[in-house]
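Colleague: Sharing a structure below in structure tokens format, with a few things to ask.
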Amino acid sequence: MQLQKPLKIGLGMMGAGLFGIIFGWVLFPVILKSQLKKEMALSKKTDVRAMWEKIPFALDFKVYMFNYTNVEEIMKGAAPIVKEIGPFHFDEWKEKVDIEDHDEDDTITYKKRDYFYFRPDKSGPGLTGEEVVVMPHLLMLSMATIVNNEKPAMLNMLGKAFNGIFDEPKDIFIRVKVLDLLFRGIIINCARTEFAPKAVCTALKKEGATGMTFEPNNQFRFSLFGMRNGTIDPHVVTVRRGIKNVMDVGKVIAIDGKTEQDVWRDKCNEFEGTDGTVFPPFLTEKDNLESFSDDLCRSFKPWYQKKTSYRGIKTNRYVANIGDFANDPELQCYCDSPDKCPPKGLMDLMKCMKAPMYASLPHYLDSDPQLLKDVKGLSPDANEHGIEIDFEPISGTPMVAKQRVQFNIILLKTDKMDLIKDLPGTMTPLFWIEEGLALNKTFVKMLKNQLFIPKRIVSVVKWLLAGVGFVGLVGSLVYQFKGKMINFALSPSSAQVTKVNPEINQQNQPKDISIIGESQNPPKVDM
């Protein structure tokens, strides 16, 4: 039996609709997910691998310095008064070198290299980097703190060494140009032959003090970031490529061949999370992210905050903080013991950086209120000083990121050294940094073309085909039953008429039917 043409068309439309439903709601999500798994893994010759190896645009690296305005009063025990100066803006270019793939366990090893370029045009109004700031002498205060903690009897000798190395300083503060402190370096005179200066300089060289380079004629040079600029980091990092399981992409599993640190206690020595440059796809609001910071020797676990958008792309915002080590059981292993944790919002970096510094959020945001009371001139603001990352959830791409951290030190007070015997003994800020990322138009367009435009096209087509199928289904049903409905309507047997006989009175005469009232005559209307 041959199908009639209208019925064929209807069935064809129904087939198109069925295809739209199967492809749009079943097959396409599977295909998209499979393709994303391939693209997001760190396999060779993919766009993600290329960007992971060398980020093709500069990150924003901003430094904010704290200038101390009441040095004489601080030396007598007064609370510090600070004024923030910044930002000093640097373009930061990041790349990975000495890259090796290991197919057998789906890992990749690499070293890091960063370059920094000062940008006065992007810095704060009028800032050139040649501004002189007054702040606690990080090197002197660090050495005094370490000696006080380990060999307090040696503080007197250290004071004599300071007189030789730093030319008899009148206080524990330094007056220094910003770029000298950050990158160019300040000279430490270790050419003195007296016992105390020579002993201290020998110890500095032997220990390889953080941020120190050694030049001819016993001249040392100290800076905060100079050793990182253009220098290959010696540490070898091992991460998962994510080819076998894309949810493991970028996950740190070893540094220098060691599968855990030997810095903290217990679980805090574990490497948890990615290396911070790549994240797994298919993020949901319930997912807790993890990334490991080798600068701070710890993992961070940002949590979902709210829905956001960036350049027309829907994103999820995740935020993080330093934490409350004393009251969070998961963080107590960062302390020497649970009863020796720093105040809320502070992290002791001595074991990690070999320097008696503390990390916090800028301006002591989300920290113990006492920290703000001990320093004047700080104004914490969640928008300006928090850690936040906006992710595109399907691909796991960070669209916007602002990672901020402040470095602090205790103004050590001890009677065993005249230079610091009257200091307030409180925590005080030194500087804070912001490392920022915002994908430019080129990479946003690339993401849209590869992910969102195909997704939208399929979304339109699947609904269009589903609509065509519905119309075809209705049309086929109408056509199929049209003849039966017409025949049913025109058939004599389909319309039965019931005969109504007039009511007969007692005289066998039909009753009259009254229309209005009791009279056949219309009522008279008075005018």
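Easy rule for this one: first residue shown is 1, then count along the chain.
Here the Cβ of each residue, glycine as well, is placed from N, Cα and C on the backbone.
Among the features that Swiss-Prot reports, topological domain 'Cytoplasmic' is placed at 1-10, 478-527, with the record citing sequence analysis. Swiss-Prot lists 32-456 with the feature topological domain 'Extracellular'. If you look up Swiss-Prot, you'll see Asn67, Asn229, Asn440 marked as N-linked glycosylation site. If you look up Swiss-Prot, you'll see Cys268-Cys333, Cys297-Cys352, Cys335-Cys341 marked as disulfide bond.
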Colleague: Which whole-number value in Å describes the distance between the Cα atoms of Asn440 (N-linked glycosylation site) and Cys268 (disulfide bond)?
Modeller: 36
Colleague: Counting across all protein chains shown, how many other Cβ atoms sit within 10 Å of the Cβ of Asn440 (N-linked glycosylation site)?
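Modeller: Step by step: centre on the Cβ of Asn440 (N-linked glycosylation site), count other Cβ atoms within 10 Å, giving 10.
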Colleague: Cα of Cys268 (disulfide bond) to Cα of Cys335 (disulfide bond): how many Å, rounded?
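Modeller: Here the two Cα atoms are 10 Å apart.
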Colleague: Within 10 Å of the Cβ of Cys352 (disulfide bond), how many other Cβ atoms are there?
Modeller: 20
Colleague: In Å, rounded, how far does the Cα of Cys297 (disulfide bond) sit from the Cα of Cys333 (disulfide bond)?
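Modeller: Per the Cα atoms, Cys297 (disulfide bond) and Cys333 (disulfide bond) stand 13 Å apart.
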Colleague: DSSP secondary structure for Asn67 (N-linked glycosylation site), reduced to helix/strand/coil, please.
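Modeller: Going by the DSSP assignment, Asn67 (N-linked glycosylation site) falls within a strand, counted as strand.
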Colleague: Tell me whether Asn229 (N-linked glycosylation site) sits in a helix, a strand or coil according to DSSP.
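Modeller: SS state of Asn229 (N-linked glycosylation site) = strand.
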Colleague: Looking at the topological domain 'Cytoplasmic' (1-10) alone, can you tell me the average pLDDT?
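Modeller: Summarising the topological domain 'Cytoplasmic' (1-10) by its mean pLDDT gives 54.
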Colleague: Using C-alpha atoms, which one of the recorded positions Asn67, Asn229, Cys341 comes nearest to Cys333 (disulfide bond)?
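Modeller: Going through Asn67, Asn229, Cys341 one by one, the closest to Cys333 (disulfide bond) is Cys341.
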Colleague: Do me a favour and check the Cα-Cα span between Cys335 (disulfide bond) and Asn67 (N-linked glycosylation site); whole Å is fine.
Modeller: 30
Colleague: Nearest of the recorded positions to Asn229 (N-linked glycosylation site) by CA-CA distance, picking from Asn67, Cys341, Cys352?
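Modeller: Of all the candidates listed, Cys352 is nearest in space.
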Colleague: May I ask which residues of the same chain, at least 6 positions away in sequence, place their Cβ under 8 angstroms from the Cβ of Cys341 (disulfide bond)?
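Modeller: Long-range Cβ contacts: Phe325, Ala326, Gln332, Tyr334, Cys335.
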Colleague: Hey, how far is Asn67 (N-linked glycosylation site) from Cys352 (disulfide bond), Cα to Cα, in Å?
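Modeller: Cys352 (disulfide bond) has its Cα 26 Å from the Cα of Asn67 (N-linked glycosylation site).
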